[in-house]
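> Residues annotated as transmembrane segment in TrEMBL: 46-64, 84-105, 112-131, 137-160, 172-192, 204-226, 279-297, 317-336, 343-364, 370-394, 406-427, 433-459. Marked as domain 'Major facilitator superfamily (MFS) profile' by TrEMBL: 46-465.
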Amino acid sequence: MAAMKAETNYDDLESTHKADLEVPLRDRSQVDDETKKIVRKVDKRLLPVLTFLYLICFLDRGNIGNANVAGMSDELNLTGTQYNIALTVFFFPYSVFEVPSNIVLKVVRPSIWISFLLICWGTVMTLQGIVQNYHHLIVTRTLLGLFESGFFPAATYLLTCWHRFEIQTRMSIFYTAASLSGAFSGLLAFALQKMDGIGGLSGWRWIFVLEGIVTVLTGFGCYWALPDSPQTASFLSGNERDTLMQRLEQDTGTSSGRVGTNENFEWVYLTSALSEWKIYVAVVIFWSNTICVYGFTYSAPTIIHGLGYTASEAQLLTVPIYFLCVCSTIIFSRLSDKSQSRWLWIVVPYFIALVGLIGLLAIPHPRLPGLTYAFLFCIPAGVYPPLIGAVSWIGNNLAPSWKRGIGMALFMSIGNLGGAVGSNIFLTSQKPHYWLGYGMCMFIVVAAIISTLILRYAYASANAERDGLDPSEIEGRYSDEELLKLGDRSPYFRYYDQLLILNPPLSPRKRRRHLRESEESEVDLSLEQYMHSSDLYRSVSIISPLPLPVKIETMPTLEQNIRPLYPEIEAIMRRYNLNVTSIFQCGNMSKTKYLGGDIRPRSFWVMSHSASEQDGFN
């Protein structure tokens, strides 16, 4: 260790980083307040728009189930098979055109493209209200799938362009529109059925006509309401845009600690996305959602109706099921962002779904309608949250932006094919038991749990392998431009959710007691510098007097200072409720530079990569 210190010239270190070290860090509470203010500003402008648009989108695709209960099949003389085919044809164009749609999105302004899609599918929805036979219905359902295909991948990609680690909570708020649509769909259908005969139209036709008109009007308003990107956000000031872009670009993809956010299209991004095997494994998670959700959405009113309730009562009884689903989605997403873990909060909700599915297969029908209805709550409450976790997980782990846009669309394109399966597994001939429907849902949920664990292992293994690479060899092999193009395949990129630290956050009471017993009056957050010969600032660990050691490995080169780590450090601080008043960057014992605060740590550590001993300096 002494030999290592003799080789290390701290005077050179100080002069090399003098400019960086002398830049004062603003008060942490001020930084936090400014960051939160910008995030809240973005949320207030972006989330309400996208959430309302998705509510409209899901209402328009799922209202056929309500229309069927209201008499559509009887009036159009549809058989059970024809009705299932009408449900199924929606998903083929919906899946095929998601990837091309996101490519168009990267070329055309999002506000223009999404507005165009809304106006088109709203027009189709209105025309669906005047269909006269089975063939007309097939045409409108096919066109509806075509024009709706671009919205969900576009919206989720847009969210990843504005947010990083807090993405899942925002994604959950956006996606709860799907849950709310199930509740509103039942309420609207109950009300619109009362219009039966007005204007010579049946009640089920008014469901399509009025919801289609609302969609068209929304499409025209979307052009002005939807912001296109952080770079062009007129509702943010210039400084706010710069802060937001700097926050989005800070990552571990290159020696400068950045990933590309505005690169030009190259075919390598398309081939990289298409050859990413982890996307195809994650598709199983998506299938668990689409098979269960679409099967449930189209069949829930019929299932409840079969329990002995009237058609109107069945419409209303779907409402509380979806409200519980909204709560479940938001709660699990908050837990995911708070713990900075995706995989765990994908797996846990699945067990809720399994409880419901096993119960529905086990209970005798129809002698226990109340218990059957209770178990129905478990299905959407258990399968909605994992999809948000999977979309956020994939979005976090794909880079640069072109690959992320194409990869997310590919993920959803294949995943949405599950809707074609889900719409055909709850067979009328099997009611009220629905052996195939419940059994298929249970099988795909178990498969999704296994897929999640495979992804978890793959990401952790890749991170561990990259941790063992010699940075000097990486820098000699790749330029920064090449590393940017590699994106998530860069040796410096670290996949999200590598480790779940099992130490639970201290409660405020335990934390206060620990602090009273500690020699320190404040919790000091010191940065442990890992050094190896001339390769300084290679990695950083967070050490505090609390028994909560947390390691961050995000310092790839000598040229990178500590500033890009602030978002990661803040996430750790929030996780463990640390009241940190200063951050310390340690050069040597006598020439320590402080980036903020007046509190000196009791000690700091210098550790060699090649040695296990530690030298402490008090």
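Cβ coordinates are placed from backbone N, Cα and C, and glycine is handled just like the others.
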> Any contact between the transmembrane segment (112-131) and the transmembrane segment (433-459), i.e. 3 or more CB pairs below 8 Å with pairs at least 6 residues apart?
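No, since the transmembrane segment (112-131) and the transmembrane segment (433-459) share fewer than 3 Cβ pairs closer than 8 Å, they do not count as touching.
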> Pairs 6 or more apart in sequence, C-beta under 8 angstroms, 3 or more of them: is that satisfied by the transmembrane segment (172-192) and the transmembrane segment (204-226)?
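Contact criterion met.
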> Should anything in the same chain at least six residues away from the transmembrane segment (84-105) have a Cβ under 8 Å from its Cβ atoms, list it; otherwise answer none.
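Distant Cβ neighbours of the transmembrane segment (84-105) are 61, 64, 78, 113, 117, 134, 137-138, 141-146, 148-150, 152-154, 157, 265, 294, 298, 405-406, 408-410, 412-414, 416-417, 419-420, 423-424.
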> Would you call the transmembrane segment (343-364) and the transmembrane segment (406-427) in contact, using three or more Cβ pairs under 8 Å, pairs 6 or more apart in sequence?
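They do not touch: fewer than three Cβ pairs between the two stretches lie under 8 Å.
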> What average pLDDT does the predicted model assign to the domain 'Major facilitator superfamily (MFS) profile' (46-465)?
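Result for the domain 'Major facilitator superfamily (MFS) profile' (46-465): average pLDDT 85.
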> Which residues of the same chain, at least 6 past either end of the transmembrane segment (279-297), have a Cβ under 8 Å from a Cβ in it?
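Contacts with the transmembrane segment (279-297): 62, 65, 87, 178, 182, 273, 346, 350, 353, 376, 379-380, 383-384, 386-387, 389-390, 393-394, 407, 410-412, 414-419, 421-423, 425-426, 437, 440-441, 444-445, 447-448, 450-452, 454-455, 458.
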> When you scan the chain for residues with a C-beta under 8 Å from the transmembrane segment (406-427), skipping those not six or more beyond its ends, what do you find?
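For the transmembrane segment (406-427), the nonlocal Cβ contacts are 80, 84, 87-88, 90-92, 94-96, 98-99, 101-103, 152-153, 156-157, 160, 269-270, 273-274, 276, 279-280, 282-283, 285-296, 298-299, 302-303, 390-391, 394-395, 398, 434, 436-437, 440-441, 444.
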